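If you look up TrEMBL, you'll see B:Arg88, B:Gly119, B:Asp140, B:Leu185 marked as S-adenosyl-L-methionine binding site. The Mg(2+) binding site annotation in TrEMBL covers B:Glu186, B:Glu189, B:His190.
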Amino acid sequence: MNRLMKKTISNVRALKIPRKYFCTEGVKVAGSTTGEASNEHEKKQAINKIIPQYDIAIVGGGMVGMALACFLASMPMTKQLNVAIIDSNPALASGLHIKKEDAPDPRVSTVTPASISFLQDAGAWKYVEQNRHAYFNVMQVWDYTGLGYARYNARDVNKDFLGCVAENKVLHNALLSCVKDSDFKTTIYPLRLSSMTLNTSSMSIVEENTNSVEPSSAQGHGAKLQLSDGSSLYAKLVVGADGGKSHVRELAGIKTTGWNYSQNAIICTVEHTSENVCAWQRFLPSGPIALLPIGDKFSNIVWTMSPAESNSRKSTTEEEFLKDVNYALDYGYGPRPTSGLLGTRDMFSWFKMDAAISTNEFFEIPPKVTKLASERMVFPLSLRHANSYSSKRVVLIGDAAHTVHPLAGQGVNLGFGDAFSLSRIIAEGIALGSDIGEVNLLKKYEAERRSGNIMMMAILDGFQKAYSVDFGPFNILRAAAFHGANYISPLKKSIISYASGDHKLPIFL
Amino acid sequence: MAMASNHLRNLTRISVHRILHHRFQSLLNAARFFSDAASSVPQPQPNQQSSPPSSLKDYELAKFAAIADSWWDSEGPFKPLHVMNPTRLAFIRSALCRHFKKDPYSAKPLEGLKIADVGCGGGILSEPLARLGATVTGVDAVEKNIKIAQLHAGLDPVTSTIEFCCTTAEKLVEEGRTFDAVMALEVIEHVANPADFCRSLSALTVPNGATVISTINRSMRAYATAIVAAEYILRWLPRGTHQWSSFLTPEELVLILQRAGINVEEMAGFVYNPVTGRWSLSDDISVNFIAFATKSNSTE
Ligand SMILES: Cc1cc2nc3c(=O)[nH]c(=O)nc-3n(C[C@H](O)[C@H](O)[C@H](O)COP(=O)(O)OP(=O)(O)OC[C@H]3O[C@@H](n4cnc5c(N)ncnc54)[C@H](O)[C@@H]3O)c2cc1C
Ligand SMILES: C[S@@+](CC[C@H](N)C(=O)[O-])C[C@H]1O[C@@H](n2cnc3c(N)ncnc32)[C@H](O)[C@@H]1O
């Protein structure tokens, strides 16, 4: 995107600014136009009369909400939109100042090549590359029984890398910078959404009113949002990007289906003596442990286990914890896989002619973890899916629409996909003069996203189920499946392609 | 940028209907041919005592008045218009941009154009045209429709500037009003005399201006699709909304527009996909079709 005007129009509205300084066309002046209303009466009147009006209100300026703002800022059809972003997260108001040498954060995301290309096109990826991040082109997945392993290589699918891991704060900051450096008109409200009225202007009132049709723009239109400081605003479209416990979803009356796994994930960042360049995942009796490179000599750990285990591992000493991690990543719970064990190699050897390059790669042992580099955080795992993604003037994206457990690092990628799809549908609507809150338009977004998201959730749930039982024969089957996956190259390609965001049907399930 | 141009590529794909141009020439010839033997072209009815002749058909208007409340119910009787709206706007947008040399990459490409929406109903077409930047005048013969249209458009500052009047095309002609472009979508099948109606549309259009008309074809397939499906099976439209005999074929429409001094330049069909529930533009004009016409410079 060539930006001739590198002017920052985004502004942060301080809590104290009286509403009267905001005209109905949105905030054109920077938030610095402050001043106190001369008296209470005037203030009240101002509140009653002039309620700011936006095209879109994004509730929740997390990674997915900010990605939507970025995508909108990058397209000619949408960049003139007047957008409000509502989120009390102080990072939005102050702008994060992160430095490469800052201590790593335990919260990271694995970004797929598909998401990366969206972010590149929107001009946000270059900011990620200015901070700590790690591309990886090899991924090794194995199993504690020692019966099978699979190594995936980017070359197998003709890609340069399988993904890139970056701390959430790096991604978030990149998106924020991208929006701020564009000439996109956004207003950040450092507040929370407290309630929402969806203006269902009943047409039946016409009957009585036939002679007094007033230009009713004075009363505003669209959805009316009430914020935590008592102020309000109108928006033609409300985007719920407010995470797994979405308030927008609740206020719109959209129900969810899902369940909690009786499992938690411990996440933390660790250090090695040398740089890790591969993504590792080992399935243990209690769940998977993943070791993801995040740049420098750091890696991130996402380790799934029972709630009781997670609580004790969170509070043990660093020494104990590191011992447990190394045990879990290598010889613990069972032997290292050796090719040829139990004849599985022979069992699949007839596929070998067709094998992908990485079939010839041998099992490797992940690098030892030597230091804890962040606090340990514990999250319960759950799977939740909104029964609908849209209703009149309301649409859900990201975790507000679906939460998956972090097994394959798909959470934020599904959200980026949602944001990208929604931005394009909004652009299309604008090109054709549609009301962007119109339900027919929003249903197009829903149709585009829902089935794909359900598919990915089902796959992840399937993985989860397959690894939460420990029966001898099942283990062998599972190992056979791994071995099979390692030898049958078309199959493996489809696994990698799907996990890296190419939308192909996963024929293997 | 790649993303944006991708999107616009999708939009310009709409201009597929240009291929119709070819096919259309033969249609035009057929129409001329037809004119020699023309007897089925609706003839003026001798029911006009006063000038101007009225295009109104009372029982047609009564049908619309009865369901006027539901104009903006996207699941109500006007659902087909709502669902078809993006598709026909794609056609109109690209045809107008090309004809008036407007920038198709702009979010408001119709800025500077004065457009009349004749038989605007609840304003389903008028509103998007205004959002695309046009200065819109919507007229409808049913007072209730106009009230609904005003009330609904008033909800959005961008559309509240639309001028809605309860009047007819012929009265606008009497008032001497003219527009850069005149739209009459899904109206001609409801008027008393299509030929007179087209003459009024022509009179409202400035020289070198554009006229866009859409309607249902009087083919067996149209009968099956539009009437049986929409009115009886899908129950989208109240029974009796359409009368088959009042439909025009594309050839007839081309002919009567030509007689009114307007040349049809592009035509496209709308096809409904029952699986996706969407309409798309195609060269199949056997059921629903839309015509883009221009008025020649030489005014008669
Ligand atoms: C342990 C764990 C590990 C994970 N690992 C990965 C991984 O490796 N890869 C991956 O892709 N994903 C991973 N995820 C998932 C990923 O973090 C989420 O999918 C992602 O953060 C969702 O982004 P979001 O913007 O939709 O929601 P969130 O990040 O939850 O953001 C929601 C925002 O909304 C704001 N908000 C909430 N309520 C309101 C309100 N009422 N008013 C205003 N604002 C409000 C909040 O302040 C917040 O800023 C993991 C998740 C967990 C729990
Ligand atoms: C099927 S609706 C089409 C509405 C609108 N043009 C659209 O496509 O969304 C037909 C409309 O034409 C109006 N109408 C019918 N005969 C008319 C006439 N002679 N003059 C003006 N309006 C007329 C009806 O009242 C009705 O609102």
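Glycine too: its Cβ is placed from the backbone N, Cα and C atoms.
Each of the binding-site residues B:Asp140, B:Glu186, B:Glu189 was scored by the number of other CB atoms within 10 Å of its CB, and the largest score is that of B:Asp140. Checked against B:Glu189 (Mg(2+) binding site) by C-alpha proximity, the binding-site residues B:Arg88, B:Gly119, B:Asp140 yield B:Gly119 as the nearest. Residues B:Glu186, taken from the binding-site residues B:Arg88, B:Glu186, B:Glu189, are distinguished by a CB atom under 6 angstroms from ligand 2. Between the CA atoms of B:Arg88 (S-adenosyl-L-methionine binding site) and B:Glu186 (Mg(2+) binding site) there is a gap of 11 Å, rounded to the nearest whole number.
B:Gly119 (S-adenosyl-L-methionine binding site) sits 8 Å from B:Glu186 (Mg(2+) binding site), counting Cα to Cα. Cα of B:His190 (Mg(2+) binding site) to Cα of B:Asp140 (S-adenosyl-L-methionine binding site): a distance of 12 Å. Long-range Cβ contacts of B:Leu185 (S-adenosyl-L-methionine binding site) within its own chain (separation 6+, distance under 8 Å): B:Arg88, B:Asp117, B:Gly119, B:Leu125, B:Val212, B:Ile213, B:Ser214, B:Ile290. B:Arg88 (S-adenosyl-L-methionine binding site): 25 other CB atoms within 10 A of its CB, across all protein chains.
Other C-beta atoms found within 10 angstroms of the C-beta of B:His190 (Mg(2+) binding site) number 23, with every protein chain shown included.
Of all residue pairs in the S-adenosyl-L-methionine-binding list (B:Arg88, B:Gly119, B:Asp140, B:Leu185), the one with the greatest Cα separation is 19 Å apart.
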